[in-house]
Amino acid sequence: MNVSKYVAIFSFVFIQLISVGKVFANADEWMTTFRENIVQTWQQPEHYDLYIPAITWHARFAYDKEKTDRYNERPWGGGFGLSRWDEKGNWHGLYAMAFKDSWNKWEPIAGYGWESTWRPLADENFHLGLGFTAGVTARDNWNYIPLPVLLPLASVGYGPVTFQMTYIPGTYNNGNVYFAWMRFQF
């Protein structure tokens, strides 16, 4: 190997190491912001929220018909939360909810949600949101072992009433579920 190949290899490795350092620095910064948002929402909530599950829908393209015919798609239940709007107008919430799952068994979930919020109309009461939720759930068919969740969130709302939703990805006959609920802010 000539010297230029050594220089090229060294340069490539050096640049990769610098990039990894930046990624870890950004991850530290992101985790700090995440933790601070949770603490601020817990300590300084602007609203108390009531959660009412509305619909569970199993994507028909991802299930055998005999399975979907047996599944519960009316998730009875409810929940409570704390929330706030930040200086950018984004929503932050802490919540706990329990509902009847696909097998009509109780499923609890608790976590933190964040949505970037847009107000596209002249009427500032109308809002759209897109974000994520991170939390813990437990299911009967997993013996109620706590399971971490990281899921997308989307919403449409007017004033203190919001229709919020997520999609649980999965494989054939497992997951691929749209879940939505009403959130009332007080």
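Sequential numbering from 1, following the chain as shown.
Cβ atoms here come from the backbone N, Cα and C positions, even for glycine.
What Swiss-Prot says about this one:
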ACT_SITE  H58  active site
ACT_SITE  D101  active site
ACT_SITE  S102  active site
SIGNAL    1-25  signal peptide
SITE      K67  site 'Role in lipopolysaccharide recognition'
SITE      Y172  site 'Role in the phospholipid gating'
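Counting other CB atoms no more than 10 Å from each candidate's CB, the recorded positions H58, K67 peak at H58.
For Y172 (site 'Role in the phospholipid gating'), applying a Cβ distance below 8 Å and a minimum sequence separation of six or more within one chain yields A62, Y63. Listed in sequence order, T56, N72, P75, E107, R139, D140 are the same-chain residues six or more apart from D101 (active site) with CB atoms under 8 A from its CB. The secondary structure of Y172 (site 'Role in the phospholipid gating'), as reduced to three states from DSSP, is coil rather than helix or strand. Cα of S102 (active site) to Cα of H58 (active site): a distance of 9 Å.
Neighbour density for S102 (active site): within 10 A of its CB lie 20 other CB atoms from the protein chains shown. Comparing H58 (active site) with K67 (site 'Role in lipopolysaccharide recognition'), their Cα atoms are 10 Å apart once rounded. DSSP gives H58 (active site) a strand state.
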